[in-house]
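Novice: Quick one: the structure is below, and I'll ask about it shortly.
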Amino acid sequence: MPPLAKTLAVLLSVLVAVSASPVDTKVGGTVQQGAPQGKDLSVKQVPNTVKQPAGAVQQGTTQGKDSSVKQVASPVGTKGSTVQQGAPQVKDFSVKQVANPNGRVVKSGAVALAQAYANGSATAMPLVADSEYMVPMKIGTPPVTLNVNIDTGSADLWVFSDELPKVDQTGHNVYWPSRSTTAKQLSGSTFSIKYGDGSSASGSVYKDVVEMGGVKFAKQAVEAASVIAYEFTKSKYDGVVGLALGSANTVKPRPQKTFFENIKGSLSSPVLGIDLKKGKPGNYDFGTLPRSRYTGDIAYVPSHSKRGAWNFTASAWSVGGGKSHDMPLTGIVDTGTTLLLLPPAVVRAYYEQIPGWENSYYERGVIFPCSATPPDFSFKVGSNTITIPGSYVNYTAVSSTKCFGGIQSNDGLSFSIFGNIALKAAYVVLDMSTGAPRVGWASKKL
């Protein structure tokens with residue numbers, strides 16, 4: 001090529017490259033075009049009743065605005081009184097972005113523009129004595145709102161449906177698959193779940209749009225109950241959203257993924273933050289871990305995910321600031337259980353510090369004088385020590401003089417159950433960002 005032609009060709013290629021390259025909004029690689037901007041979303045929760053799961057333990061377009069979901073607590077009870085969308089669609093030249101909570105630098109260009117995240121936060125409203133926490137969830141097209149109980153100890157999303165007898169639907173919001181233009185039945189699929197207290201639910205399975213905390217998935221498995229235990233008919237919630245791992249899902253012939261598993265790819269980070277509160281609304285955070293939720297650092301430990309549960313090991317425990325016992329407590333994170341259920345020896349060591357305690361056959365657990373001052377209970381996770389205030393252990397009065405303890409025996413189970421009594425005292429993270437599931441615990445202002 002002649003020198004002049006070569007020079008002109010080079011100049012032309014430079015001009016083309018410059019005109020095709022997007023301009024960064026800031027120099028220095030801090031904030032660039034395509035780096036999602038916005039505020040974190042948060043979800044508040046409400047208390048959940050005692051429950052112990054048997055055996056264990058996306059069409060959604062991303063939205064650029066923050067959204068929140070409020071929850072309402074559910075009545076006190078055992079498992080029977082607890083309740084247990086989609087792949088972001090990006091169109092050419094039209095992508096809404098949500099803030100990057102981690103402040104990460106995202107390269108400019110087409111790839112960066114496609115990284116729009118649908119983080120969200122749902123409010124968890126507590127019910128009586130923080131027994132359960134309720135969160136609003138939208139299903140179908142047009143959407144109907146059901147108040148559900150988020151349960152990290154199970155993996156089925158089931159709801160009250162029009163397939164239930166009319167008497168069982170009374171007082172509840174109901175899902176009508178036939179009225180949703182986006183509902184599609186999974187032919188031949190059924191579900192049947194039984195919880196540790198003997199309560200159960202069963203029925204047929206659909207795929208439909210589900211939205212919670214501002215995060216949506218278009219083809220979520222929605223289990224429409226046609227038979228439920230009596231306890232559920234008397235509860236305040238309209239279904240249960242199980243957020244354990246999908247391997248614990250009961251749908252047959254093929255288990256289905258949980259809502260968290262389905263939306264994780266659309267989140268800026270595949271994490272779920274749990275911030276339950278004593279006597280007031282808390283939050284479930286999808287995709288973001290707001291720094292205001294906790295103090296210090298989050299200590300992470302592996303979750304071996306046996307039977308699909310979010311399990312972890314606390315390396316030591318102590319009562320009232322006394323001697324630390326280097327006796328590991330392997331347990332699960334279970335928002336569907338109200339109490340902290342520990343090995344009998346640990347329970348006894350705790351209540352021996354309270355004069356007048358007794359194991360009541362009538363109350364089916366440990367009670368003690370309401371005038372007593374229960375000691376704190378602490379356990380160590382990684383490098384963090386989590387302390388449950390003694391006042392949390394004074395769960396509820398069963399008479400004018402006796403109170404029921406928030407720490408009870410796990411009745412010989414091979415694992416402990418860290419229910420709401422423990423979860424209210426910490427910020428807890430369920431994390432899928434490292435390839436293998438892990439659980440994080442951090443202290444917070446109480």
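If you go along the chain as it appears here, the first residue is 1 and each next one adds 1.
Using N, Cα and C of the backbone, Cβ positions are placed for all residues, glycine too.
Quick paste from TrEMBL:
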SIGNAL    1-20  signal peptide
REGION    53-88  region 'Disordered'
COMPBIAS  58-71  compositional bias 'Polar residues'
DOMAIN    133-442  domain 'Peptidase A1'
ACT_SITE  ASP151  active site
ACT_SITE  ASP334  active site
Novice: Rank the active-site residues ASP151, ASP334 by the number of other Cβ atoms within 10 Å of each Cβ, and give the residue at the low end.
Specialist: ASP151
Novice: For ASP151 (active site), just give me the three-state DSSP call.
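Specialist: ASP151 (active site) sits in a strand per DSSP.
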Novice: Measuring Cα to Cα, how many angstrom lie between ASP151 (active site) and ASP334 (active site)?
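Specialist: Rounded to the nearest whole number, the Cα-Cα distance is 6 Å.
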Novice: Mean pLDDT across the domain 'Peptidase A1' (133-442), rounded to an integer, is what?
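Specialist: Summarising the domain 'Peptidase A1' (133-442) by its mean pLDDT gives 97.
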